[in-house]
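**Q** Structure in structure tokens, see below.
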Amino acid sequence: MFMNIVITILSGIALLVVAFIFTVTLEGIARKIEARIQRRYGPPFWQNFIDIFKSLTKYSISHGFIFDFGILMALGGTIATVFFIPAGSLAVFPGIDNVFVVIYLLAIGLLGMAMSAVGSGNPNASIGIGRALAQMLGYELPFMIVILGVFFHHGTSSLSDLVSIQIAQGAYNVWLMPIGGVVAFVSLIGMLGKKPFDTFIAPAEIASGPLVEYSGKYLGMLMIQHAFATFIEIGLFVNLFLGGGRTLWEFLLKFLIVYFSIVIISATIPRFRVEQAIKFYWKWPLILSFVQVIIVVFVMGRR
Amino acid sequence: MSNEHKAWERVANMLRSRSLWMLYYCTGCGAIELPPTMTSRFDMERLGIGPMATPRQADILLITGYLSTKTLRRVIYSYEQMQSPKYIVGFGSCTLNGGIYYDSYATINKLDLYVPVDLYLAGCMPRPEAIVSGFTALMSKIDKGEANGWKEYQEKNDWFKRNQIEALGEVYVHDEFHE
Amino acid sequence: MSILFVLAASLFAAPLFFLVSKLKKSVAYMAYAAFQVLVFLYVFFWGGTGSSYEVVGITSKLNFNFSMTSVNWFFASIVMLIISTTAVFMFPLKKSPVKVFLLSLVTAGALGAVFSADFLTLMIFWEISTWSSLLLIIQDKEKSTGEAIKYAAIAAVGSYSMLFAIFYMDSRLGTVEFSSVALKIESQPIGVQLTIFIALAIMVLAKMGSFPLHTWLRGSHSSAPDEFSPILSGGLTKLGGFLLFIMSIALPSFKGFGNLPILNGIPIVNYGFALLGGISIVVGTVMAIRMEDAKELIAFSTVSNSGYIVLALSIGGTYATAGGMMHILNHALASAAMFMAIAAVAYRTRTTKMHEMGGLIVKMPVTFAVYLVAIISVAGIPPTSGFVSKWLIYQQLVENGLPFLAFAAFFGSIGSFMYVFKPLAGIFLGQLKPEHEKVREAPLIMLAPMTLLTLLTIFWGVFPSNAIRSINRITESIGGGTVDVTFSRIVALTGEWDSVLVTTVFAIGFAISLLIFIRAKRARKVDLLDNYTGGDFLYTAELYHFSYRMYRPFDRLFEKWPSMENWLSSTSEKIKELGALLKAVFFNRNPQVYIALTVIVILGAFWWLR
Amino acid sequence: MNSMNEILKEVMAISGEFSVKEVTARESIIFVETSRLNAILEILKRKGFSHLSLITGVDRIEDGVFEVFYTLFRWETGEALLVKSSVSRDAPVITTVMHLWPTARFYERDVHEFFGIVFDGNPDLKPLILENWKEIPPMRKDFDPQKYSNEHFPDRHYGSEFLVEGGGENE
């Protein structure tokens, strides 16, 4: 009994370190890709590490208790969710890493940041948070309907079981449910808040939205939270639809491919308005997700 | 300072020099030189310098050209909202000695009387090459730990405040648009 | 010490409190609160000892039957918990003898309804509490009679349909007892079962405030006195849950409608009823997002959450039933805590309009904490009990594969992030309004019940097994499946999760971020006047608190949608004109027309009744 | 569409002679005393010069007068007309034209701030651009900006080392 507690703790720490280092380097490379698309060189790929640690060394201001507590809640919730994402062979809680728990634990992070941003009393922040929550209603629905189909077909909603089923079956869910895979990919772009759907942190319109009053260490902590959130969301997609990977490296490779395709898409598309984004998500992705789920439930049936 | 603290400070300076965030606040005519510096021709981002929307997140405040008394009040307010360590870069001769507006009733002639300036860029207005070389000079200055304008502002604060009151009468003004 | 004694005591206590409060209000209120708490403790701790059954004969056929099974105990303890905490909570609020009389009548009615063993007693006691709540709504605000009439009209629709169901049952089955009806109903033809089911369903929809009959909730809540709203949304709507449970789970509606067309495992009638619940989730969420008054917003969140309960209990199955019952408990706790927090704020600031307040976290931190935990539970986020019930409902939706109901459930839970956050941002965060400078924290007597509800929400969130075991006892008693629960882990068909583990992992994450926070340089505290405003100076900070129509882009999406309330008010206009026409035709002045009409009616009655 | 000269003749017929100086085919200047200024502007507006594009002032300190310019513009033909009138420097008061063009309110406020000309009838002669300005209106020729700048904004004193080495150490 004591041994597997030590193993879970060690694999938990390993997962955190892998998640942090891998995602932040990936974000650095993504900045280089975006620069190349704009025909310039872009910063070195370890630039994001420097930005994070520079912010942590700076002085900062605080707008009171809820401003601090919200950030701690955001980072704490997101770190807690990272433990529930199996990364290839590195699964910290095999069997009890339920997808609904992951999605709703991620909501703690959003709620914490929302409280702290509005607690700063800046109108830009409240407008940004209003947009973020409204947009969440847009991209979350198609994703949830599609994964409902996945759980119905495989009869389980635990991530590690889904991964082992897909590996054993040899067929990834993206081949079994191609429409579902496309819909999940599109709502993944919304989840990450990448270019077409980043109205809530629009620097030109609302002075980077919720981030307007964060300085120094708060900014560093939020950048760490953003890195972990990216790892969770893309890890969720890879595990659910691309079979997660037998070894850690296979998982990381799939993670990299998905991330760079999103970066390339987001580097070339201008920003949506919020109601356009919601209307977009409630039109095609939602209809396609219903089509997919009906196919799965009534045609394919259980595995 | 204990040598452990000094070592930590050296690492921090190395980090600060390679990641400078510039505030989106174009106070004068030199601001038009910044887009070419940021975009693909001169690509300021490869030095780790990028634009930021709010003073809370920014490290550098660019005073790009002549500085009227009204703008100086807003510059002081934004500078105090920025978080130290923070640096100010003065563009062109108008911030050095008043430039062609030396005899105007509205513009100030010597910027570092009111806010501590870490780097001046000569030229009316400095072209992108001058700006990039200026930034690399600022980066090496930060790396060596000599860019301490923000410490000066804290230590000699009353001297700065006295100059500001002399030139502006009062910094926080009530105007008709904000009642 | 049987149920009868408790019921009789609470019924006769009502006039007693009225007389006492005529002399000394505070003594009456204290006695009322003490009585309610006593009843709650008695009911809660007495329940576990098996079931007892008592009959009160009034005429040969008409008698009241009361029973104390695990179902009665579960609902009785929830309703009494809400009523007793509100009784303690309302001490500082405005007191009046009529109010304490009506409140104790409401309690007596609710208690009787919850202990009932047959539809008739349930109906009678339920009407006692409905009528007294009807009078209670118009106590505070002057112009609230319109809202009360709307509530009375819709409640009447419900009670008449239930009355019809009772008489129909009596004529067809010969009995109205739950257990005997359950036995006899299978042998009946489909038509009979269908009419009973639909008639009872209308009563449930009316009293719980679900989709077609939800328009009364907003008006009655916004005009009800602050101390009555928690009881109305936490307690009385749960009686609807009690009837729903009896109707769809106790009377085996699944076997009864077995031979109707099945939609992956659910008979078409139940699926239609669940669909109504789903629509009520979506309507409640969308309307709640657009409200500007905190009490109306929470009223619509009650509409949305009662939609969840209707959806869960009508699709049946082990996990949806457990989820539905757990959701009744969670929503009772959470909405009572939310209403109490808003009432505490209104007690101090005299308003419930969100954009007239701001920054009250500085003045009322404990109320903020209570409200925060309540909205985390309503939004269904893990460390609180709200997530447990939603998770169970999702398991059943996944198990049966119901995409449209699942869409409504997901829409409700994600939409709830938006409308629960709006009062938090509008009332507690942002800059403090100058007139609220002297506002103090709510009195201790108000804070105690609120914190009790919060601790219960967190306790059942971290250790749901405690609540689920008592629900298992209920489902076992009527032969349903049970959710197997270890100390911290809940196991369902399509996955399991460990609530204690989730909470500890969240605590570890919180500790790591606290470590980073402390390791870095201390932050300089700055008040909300020193904000980034594009370089310009900020003097009237409270103008910068953005909370009026916080989700404008979302509102613009739903501007052109038809609204249920306008449709209903236009139909009521038409009915009024029709009434005027009839009045002109039949009720003219000369008496002969009256005599002729009455004769025709009597003849018709005789012909029909032969 | 009658040309500008015919319009001016009609105006002269109504309100008496005034001198006209033609700058280009489509632009000319007319000199009017302040007493007739309002009537002529009103007639010109009716005759087609509907757009007031600018009010500005010139300080003729040697003649002791302020000249106030009203630049009118005619959309149909694209002709511009400068109506010039002068006001004495020591009592610079002129009636407002806000009743003809509401936008004149800000032009008059600007001219009042920088020349000190009072437009009676304009309710809103607050300072428009300068903040906390205590001196005399700065556009007047008897105001010395150099002296103000030296008093309020000290200059950088270039010591000998700057001139000799030509700023070597900035590399």
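Cβ coordinates come from backbone N, Cα and C, glycine included.
Just so you know, TrEMBL annotations are computer predictions that nobody has curated.
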**Q** Any idea which of C:442-463, C:530-551 is down as transmembrane segment in TrEMBL?
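**A** Range annotated as transmembrane segment by TrEMBL: C:442-463.
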**Q** Please give the sequence-distant neighbours of the transmembrane segment (C:360-381): residues at least 6 beyond its ends with Cβ less than 8 Å from one of its Cβ atoms.
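**A** Counting only partners 6 or more residues beyond its ends, the transmembrane segment (C:360-381) has Cβ contacts under 8 Å with 301, 305, 330-331, 333-335, 337-338, 340-342, 344-345, 348-349, 387, 389-390, 413, 416-417, 420-421, 423-424, 427-429, 432, 436, 439-442, 447, 450-451, 453-454, 457-458, 461.
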**Q** For the transmembrane segment (C:593-609), could you work out the same-chain residues 6 or more beyond its ends whose Cβ comes under 8 Å from its Cβ atoms?
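**A** Hits for the transmembrane segment (C:593-609): 586.
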**Q** For the transmembrane segment (C:29-49), what are the same-chain contacts with Cβ under 8 Å, counting residues 6+ beyond its ends?
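**A** 1, 6, 9-10, 13, 17, 20-21, 68, 70, 72-74, 76-77, 80-81, 83-84, 87-88, 90-91, 95, 100, 103-104, 107, 111.
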**Q** Who are the chain neighbours of the transmembrane segment (C:70-91) in space, where the CB to CB distance is under 8 Å and they lie at least 6 residues beyond its ends?
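**A** For the transmembrane segment (C:70-91), the sequence-distant neighbours (Cβ-Cβ under 8 Å, at least 6 residues beyond its ends) are 26, 29-30, 32-33, 36-37, 39-40, 43-44, 47-48, 51, 103, 106-107, 110-111, 114-115, 117, 226-227, 230-231, 234-235, 238-239, 241-242, 245-246, 250, 325, 328-329, 332-333, 336, 340, 343, 445-446, 448-450, 452-453, 470-471, 473-474, 477-478.
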